[in-house]
Amino acid sequence: MATGRRLSMILLLLLLGLASGDKILFQGFNWESWRQSGGWYNLLMGKVDDIVAAGVTHVWLPPPSHSVSTQGYMPGRLYDLDASRYGTSMELKSLISALHGKGIQAIADVVINHRCADYKDSRGIYCIFEGGTPDGRLDWGPHMICRDDTQFSDGTGNLDTGADFAAAPDIDHLNGVVQRELTDWLLWLKSDEVGFDAWRLDFARGYSPEVAKVYIEGTTPVGLAVAELWDSMAYGGDGKPEYNQDAHRQALVDWVDRVGGTASAGMVFDFTTKGIMNTAVEGELWRLIDQQGKAPGVIGWWPAKAVTFVDNHDTGSTQQMWPFPSDKVMQGYAYILTHPGNPCIFYDHFFDWGLKEQIAALVAVRQRNGVTATSSLKIMLHDADAYVAEIDGKVVMKIGSRYDVSSLIPPGFHLAAHGNGYAVWEKIAAAAAAADHRTSSSASL
């Protein structure tokens, strides 16, 4: 049964229109956030108003539990939130409460594919797990490890249902106790005691979609449970991605289907769109259309289930595993913030790169014109140096080095946002309404 606070939260979200299908995610950390003097949660608390003002609906927070690695991605004592390098449990709860007070949902970074043990067994292998509570919750032994993870297991568990994670024991998610106790832990994170609303599933390649479905259905996250499924794209002999990436996006769509499809909260990060954009903005914008005239990523097939992004803590930040061309980052945001799908803004770009105002302006255009994850897309131009698209008949956007695309802009549209290599137009009626709102707001001061 929902508590009064939870019911109030749901009502607030409905009033803010978040139930309409439009989500603006914000990744609220990077790879180095754990180093923050005074704690990352406290720093982020001071930025809540800026995040709210930008139209964000969901903030993705780092893994909250004790971890062998400082960033949180090698978790051990899952119930121990005070051992996090990002701050204390009370600081986390205060941050989530502040977000809720502004109508923003909090996404927990859920790392359950693998887990680090506290103690060695009689073989001298680290495979005795401590849950972080005085009782026996999540206190596991080697029989909770997949038997094909021979470095750690005792050979009695089930086979792994997904990809191997070599650095830590792969947990046996077919074990009933594992499923029940991890579900209970997630429900605890979602309860009033902590307050998370939704999930980001780390390394979801490590366990089957059917396993993910167990946790999603067992915890009913509010609005989304977005999976990280980062697989290699198809590359040509020139080292660039092949034009056709249908197999890559099909794997992402298949995962959504297998966790429950439309009826499920399951979603995926659109790594297909990310990979194509990385190359397209370097003078190959013809890549941004598929053979059917649609967007070439997951947003071209199932946009409601796609979370689009420019960079994250892995691809960008200090890891730089797959970075977006740094001089064209705003072209990436002009694309994802005007197109179908559920866009995610990266902390670094918003706060550290000085792009806050430009990104917020694009979000404002999106929200002012009612662009959502399922908006219609008409691609008007896809040349090497220019890409132009119309969204819902209300917004037109352009990215690329070509300056003049005026012949493609329909009559009755007004320039709403622009910067290096991008421009966005909206119908004059929307622009006038926005101006009237600003005028009336100023008059009331």
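FYI, residue positions are counted from 1 along the chain as it appears here.
Keep in mind that glycine also has a Cβ here, set from the backbone N, Cα and C atoms.
Not measured: the values here are computed from a predicted model.
As written in Swiss-Prot, here are the features:
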- D202: active site, nucleophile (ACT_SITE)
- E228: active site, proton donor (ACT_SITE)
- 66-68, 73-74, 200-205, W230, S232, Q250, D257, K294, 300-302, H313, Q319, K398, 403-405, 415-421, W425: substrate binding site (BINDING)
- N113, D160, A163, D170, G206: Ca(2+) 1 binding site (BINDING)
- E130, T133, D135, D139: Ca(2+) 2 binding site (BINDING)
- D149, D164, F165, A168, D170: Ca(2+) 3 binding site (BINDING)
- 1-21: signal peptide (SIGNAL)
- D314: site 'Transition state stabilizer' (SITE)
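All features noted in Swiss-Prot, drawn onto the structure.
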{"residue": "E130", "record": "Ca(2+) 2 binding site", "DSSP (3 states)": "coil"}
{"residue": "D139", "record": "Ca(2+) 2 binding site", "DSSP (3 states)": "coil"}
{"residue": "D149", "record": "Ca(2+) 3 binding site", "DSSP (3 states)": "coil"}
{"residue": "F165", "record": "Ca(2+) 3 binding site", "DSSP (3 states)": "coil"}
{"residue": "D170", "record": "Ca(2+) 1 binding site", "DSSP (3 states)": "strand"}
{"residue": "R200", "record": "substrate binding site", "DSSP (3 states)": "strand"}
{"residue": "R205", "record": "substrate binding site", "DSSP (3 states)": "helix"}
{"residue": "D314", "record": "site 'Transition state stabilizer'", "DSSP (3 states)": "coil"}
{"residue": "N420", "record": "substrate binding site", "DSSP (3 states)": "coil"}
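Within 8 A of the CB centroid of the Ca(2+) 2 site residues E130, T133, D135, D139, the other residues of that chain are Y79, G131, G132, P134, G136, R137, L138. Ranked by Cβ neighbours within 10 A across all protein chains shown, the recorded positions E130, D149, D170, D202, D314 are led by D170. Of all the recorded positions in the record (E130, T133, D160, A168, E228), the one with the smallest CA separation from R205 (substrate binding site) is E228. In sequence order, G300, W301, L377, I379 are the residues near K294 (substrate binding site), counting only same-chain partners six or more apart with C-beta under 8 A. One residue stands out among the binding-site residues N113, Q319 for having the most other Cβ atoms within 10 Å of its Cβ: N113.
The two recorded residues, T133 (Ca(2+) 2 binding site) and H66 (substrate binding site), have Cα atoms 12 Å apart. A simple way to gauge crowding: the CB of F165 (Ca(2+) 3 binding site) has 21 other CB atoms within 10 angstroms, across all the protein chains here. Spatially, by CA atoms, the recorded positions N113, E130, G206, E228 include one closest to D164 (Ca(2+) 3 binding site), and that is G206.
Taking the centre of the Cβ atoms of D149, D164, F165, A168, D170 as the Ca(2+) 3 site, the nearby residues of that chain (Cβ within 8 Å, site residues left out) are N113, H114, C146, F152, D160, A166, A167, P169, G206. Cβ neighbour count for R200 (substrate binding site): 28 (other Cβ atoms within 10 Å of its Cβ, all protein chains included). Cβ atoms within 8 Å of the centroid of the Cβ atoms of N113, D160, A163, D170, G206 (the Ca(2+) 1 site) belong to the same-chain residues H114, C146, T161, G162, D164, F165, I171, F203, R205, Y207, site residues excluded. Comparing the recorded positions D135, D139, D160, E228 on other C-beta atoms within 10 angstroms of each C-beta gives the minimum for D135.
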